[in-house]
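Trainee: Take this structure, written in structure tokens, and hold onto it; I'll ask about it next.
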Amino acid sequence: MKSPIVKSTFREIKSTFGRYLAIIMIIALGVGFFAGLKVTRPAMLKTGQKYLSEADMYDFRLLSTLGYTDKEVEKLAEIEGVEYAVGSFSTDGVFDIGGSEKVFAAHSVTEKVNLLKTVYGRMPTAPDECVLDHSRYGSDMIGKTVTVTEGKGFAFKDYRVVGIVSSPYYLNIERGNTKLGDGTVNAFIYIPFDGFDTEVYSEVFVTLKNKADIFSEEYDRIISDAEKAVGDGNTEVSTARFDSIKSDALSEIDDAEKKYNDSFSEYLDKKSKAEKELADTLDKLNSAEKELADRKNALEDGFSQLDEAEKTLKANISEAKSQMSQLEAAGMTGTEAYLKLSATVAALEGKLSECAEQRKTLENGRAESEKAEKELAASKEEYNSAKEKADRELADAGSELADAKKKIDDARADVEAMEKPTTYLLDRGDNTGYVCYDSDSKIVDGVAKVFPVFFFLVAALVCTTTMTRMVDDERVQIGTLKSLGYGSGAVSGKYVFYSGSAALIGCVGGFFLGTWLFPMAIWKAYGMLYGFAPVEYVFDVPLAVISLAAAMLCSVGSTLLSCRNELTRRPAELIRPKSPKAGKRILLERIGFIWHRLPFLRKVSLRNIFRYKRRLFMMILGIGGCTALVLTGFGLRDSIADIANMQFDNVTVYDYVVTFSSPLDENARKKFEADNSAVLSSVGFFCQESGDVISDGGKNRSVTVVASLSGQFSDFIRLHKGNTDIPSPGKGEVVLDRRTASDISVSVGDTVAIRDIDMNEVTLRVIGICDNYVYNYAFISYDSIDGIGSGIKTVYANVREGVDIHAASAELMKSDNVLNVTVNADIRSRVDNMMKSLDSIVWLVIGCAGALALVVLFNLSNINITERVREIATIKVLGFYPSETSAYVFRENLILTALGTLFGIPLGIWLHSFVISCIKIDMVSFDNILKPVSYLLAVLMTFMFAFAVELVMRRRIDGINMAESLKSAE
């Protein structure tokens, strides 16, 4: 059977359930908001940690201009502390998907590192299969074919989609830039290594044996400790590969040179042999020609002699015949002289016949000679053809050998001139998605540092006020219980149970609801940026203990203190109600020209407000605190919403940052301007380096050092503070951004040291502190470089009007020596997306602050009415209409609301400034901005809640029993 005091306790809860519920809601809101925001970053980190651990995201990404083979990868895996080293190949390509061309970042599927998570379908098993980006494509793509239309390194033209995956390499929606298409990578695609036409890896992913939670100091220490060993190993294997390639190339050149020397010797032998054979043939032909000429001369001499002999014979025969004719005419035919002449003629004619025979012989000789001459001419022609052919073949062989020699010499020169490979050691800090994830979670953590604590303090204050005034109202009950013999412990236990049970229910409910709802809601807000896994639930035991202890302290502690004060009094004193406070003249009464013009009821309201000082202060503090919270919420939105516009419209106004692999001399700078004049309207050359700014007091800050070659920044970076322009720094001068100057505690006129990564320093005088919101900068003149930096390797540029900014970036990537092109619009989009996600969080904060304001106003109004039941009953007995009675009560509430709002506005300004100062991340700096509309909205919300409470409480006033209330003291 329950004791009377237990029954009384439960009866009290039932009869004042509105107040009991209000305590639960206030505690639940305070604890839920406090614990929910506090646990959001750990929940985000746990989600990221689980996903990246399961996916085995790389710790280091190694690059080399020579690439890697399995041999180098195996060597890297042998480095102390390395768990896995896995080679990978990546390239960009333009793919046709259903008639639409998209630029994909293509990667090879890896094992043990950067494991893909299948969202739909399966992983590829054949070299011509692929999986696509989960943030761009859904299950409807499975089974379709993507076709390579542009790009190098692909083994196939078509690839069949078999799955949709998420990759730890791409944590957010950023996909990077490219030389192809419009310059923007649309999505990623993963293909088996055999699906690429290569035998060399373009990169190596390394994981370490030592593990730690992401973004923790321990993880940073592990990376820092391993960085030198892995970096040296990367340089070593790349140098060894370079030496091997160079040695193999020189060996091949030596072999080629040996073959050349052998071929050249053979050529010389063949040439000598051919020349000897041609010379022998020519000698024979010359000898034959001489012999033929001799024969021909002999024949001609024979013909001449024969002609002479025939002429002489014919003359002699003619003379002899003439003499014989004379003798015949003289009739001396028989004479001895005639006979002698006849014999002579016969002899001469015989000789003439012999001459004819000799002529015939000579004619035959001449024919033979002519034939021999033709044969000799043919031989000569054959000789000349053979000689021409031999000369041509020898010339061709000589030319080929000369070309071969030149190629060998050129190849040797090229190999000897080969530069050692450039290596890069990148860690997770160079991964855009990883860094943005850290920044986004830090922003949430920055909001959670102060705002929830203040939120909780307001809730605790109102809860404390509620219990204190409840105990005051219950003094008659306390006196009755004491007179019935109940001890102080039993009596105080009733109220401790009342407040403690409400606090416990509110704390437990608020804690679990807050730690589940807030991370989930914030993660959903970030869903457009990160969607790789559902958010993990985090139960923070210390946070739960702190929340419960604080809730119990505010409720039970204040109850015990109030009970102790009342329990020291005698029962007879407690049973009688407290004497009303004596009326006092208020300050306004001393201002006659105002006081005398106020209606009677207004004077009563003002006297009541200032007579109950504790109620006045509690109402002002409670309402003011809620107004401050709402104003801070709107202020956060003001400070966050325009970050992208303020940075990219007013500070960094360039369109591109073009980075080169080596410094640009004057000719290279002129060539770049000339080659890209069609797409760029303005070009500026800068030395941009990572470095540290160090104050005289030793404080330092990592910044990007930007040195202008021309000495001017205005076309690309507008240096200003508020509406005041800052001149470009001259020699020995520097302009710092506001965040950097604040962190290292320097002001205009101070000196700072700029130190580059090689520990070179230059001391400069600060001539200005400028506005800047994204990243941290130190702006100097190129004349101030003085040994720091690596030369002009950066170009800021603006695109011509009407030119597509991403298409132009793809053209810029094709310029000589260009390493990377960063499109400022992409950074702007990234920051804007981050701020939009934060905007959802801010609205959540505003909603919770508004809910707290509503509950606080309801609770304080409820207490106010409960304390003044007899007074209200008296007003009703005097004949006031219900509307007049409500106005009598709520007029005071509205005045108190106005006073609380007036107190809350400066408090909100301070709280907003304090919260903004606590949100510190490397990527973004927030300005302390409170727009006039935010003040208006905060005031309107507070009064809107006040009117809403009035509507609810009006029924409570109408339900007051006048007779019962007026006899309560008896």
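Numbering starts at 1 and runs along the chain as displayed.
Cβ atoms here come from the backbone N, Cα and C positions, even for glycine.
Dumping what TrEMBL says about this protein:
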TRANSMEM  20-37  transmembrane segment
DOMAIN    24-214  domain 'MacB-like periplasmic core'
COILED    271-330  coiled coil
COILED    355-414  coiled coil
TRANSMEM  450-468  transmembrane segment
DOMAIN    450-562  domain 'ABC3 transporter permease C-terminal'
TRANSMEM  495-517  transmembrane segment
TRANSMEM  537-561  transmembrane segment
TRANSMEM  616-636  transmembrane segment
DOMAIN    619-812  domain 'MacB-like periplasmic core'
TRANSMEM  841-860  transmembrane segment
DOMAIN    844-957  domain 'ABC3 transporter permease C-terminal'
TRANSMEM  894-913  transmembrane segment
TRANSMEM  933-953  transmembrane segment
Trainee: Quick one: do the transmembrane segment (20-37) and the transmembrane segment (616-636) reach 3+ CB pairs under 8 Å, ignoring pairs fewer than 6 apart in sequence?
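Mentor: No, the transmembrane segment (20-37) does not contact the transmembrane segment (616-636).
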Trainee: For the domain 'ABC3 transporter permease C-terminal' (450-562), give the DSSP counts of helix residues, strand residues and coil residues.
Mentor: 96 helix, 0 strand, 17 coil
Trainee: Using DSSP, how many residues of the domain 'ABC3 transporter permease C-terminal' (844-957) fall into helix, strand and coil, respectively?
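Mentor: Grouping H, G, I as helix and E, B as strand yields 96 helix, 1 strand, 17 coil.
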Trainee: Taking a Cβ cut-off under 8 Å, which residues six or more beyond the ends of the transmembrane segment (495-517) line up next to it in the same chain?
Mentor: 9, 12-13, 20, 23-36, 39, 43, 463, 467, 470-471, 474, 537-540, 544, 547-548, 551-552, 554-556, 558-560, 562-563
Trainee: For the domain 'ABC3 transporter permease C-terminal' (450-562), would you mind checking the mean pLDDT of the predicted model?
Mentor: 78
